[in-house]
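According to TrEMBL:
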DOMAIN    11-236  domain 'Peptidase M24'
BINDING   H77, H175  substrate binding site
BINDING   D94, D105, E232  divalent metal cation 1 binding site
BINDING   D105, H168, E201, E232  divalent metal cation 2 binding site
Amino acid sequence: MVKIKTAEEIELMRESALVVSRTLGMLASEIKPGANPLALDKMAEDFIREQGAEPGFLGMYDFPNTLNWSPNAQVVHGIPNNEPLKEGDVISVDCGALKNGYYGDHAYTFEVGEVAEATKKLLQVTKESLYVGIREFKEGNRVGDVGFAIQKYCESHGYGVVRELVGHGLGTELHEDPQMPNYGKRGRGKKFVNGMVVAIEPMINMGTRRIKQLKDGWTILTADGKPSAHFEHDVALVDGKPELLSTFQYIYKALGIESSEEEEFRHQNLVL
Ligand code: MG
Ligand code: MG
């Protein structure tokens, strides 16, 4: 059952999302060759607690850490370890926070030093597909419209769209209805209505869409060992249109990246 949020609840959820946004921004300046993932995980935990929130993933379904830390061929749900970051790695970092009873949940794939051009392109297209999908999260559309748009965009670049893992509704629980696949058919599935809040999160592979899981019971990786990327925003449906609750602006500020993608997104939505 989809739980519709009031305007007050959406403001609380914005705060929870921003706790994660700030945490990813803090990590952005720390993710470099030689950095220790477990140390960064502890920094993230402390940083979340300093903001009056709890790590959303720590202990959830018995997950052992604050961050889902998924380098290179790992898709999602990787576990931070003591293996130092290497030049050329890409790391998908997914983070959750619980504040005032509501979850924030979002993710970014970071580059460590200089990354291969083909991998940069995967990250860029995956992030673009996130906004392509979010634009379809509007009144009158359905779950399948978002998935269709993401799938079409990524497959047009020859990438594999992971099927087994999906986005989701978000609220007092980390995973609420509806499920939000990154593939689908136009006009199918649950209809969107104002007050829905979802996490949209394309998980896109450079090669095959097929995945496997490590014996740790968590880590998902690509079946062909090629890189994967993951970007996730929390989005509310307000006045018929998608409104971003999370932001990558803290990351961009830390990395000195000039990006108007979120502004452009908001502008495009005004004229839609
Ligand atoms: Mg997530
Ligand atoms: Mg999620």
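Just so you know, glycine gets a Cβ as well, placed from its N, Cα and C.
Features as recorded by TrEMBL, highlighted on the structure.
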| residue | record | CB count, 10 Å |
| --- | --- | --- |
| H77 | substrate binding site | 22 |
| D94 | divalent metal cation 1 binding site | 26 |
| D105 | divalent metal cation 1 binding site | 26 |
| H168 | divalent metal cation 2 binding site | 20 |
| H175 | substrate binding site | 16 |
| E201 | divalent metal cation 2 binding site | 25 |
| E232 | divalent metal cation 1 binding site | 23 |
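Here the CA atom of D94 (divalent metal cation 1 binding site) lies 14 Å from the CA atom of H175 (substrate binding site). Between the CA atoms of H77 (substrate binding site) and D105 (divalent metal cation 1 binding site) there is a gap of 13 Å. E232 (divalent metal cation 1 binding site) and E201 (divalent metal cation 2 binding site) have their C-alpha atoms 4 Å apart, to the nearest angstrom. Only E201, of the binding-site residues H77, D94, H175, E201, place a Cβ under 6 Å from an atom of ligand 2. Taking a Cβ cut-off of under 6 Å from any atom of ligand 1, none of the binding-site residues H77, H168, H175 qualifies. Each residue contributes its Cα atom, and for E201 (divalent metal cation 2 binding site) and D94 (divalent metal cation 1 binding site) these two points are 10 Å apart. Sitting within 8 Å of the Cβ centre of D105, H168, E201, E232, and not among those site residues for divalent metal cation 2, are the Cβ atoms of D94, H106, A107, G167, L170, M180, V198, A199, I200, H233, D234.
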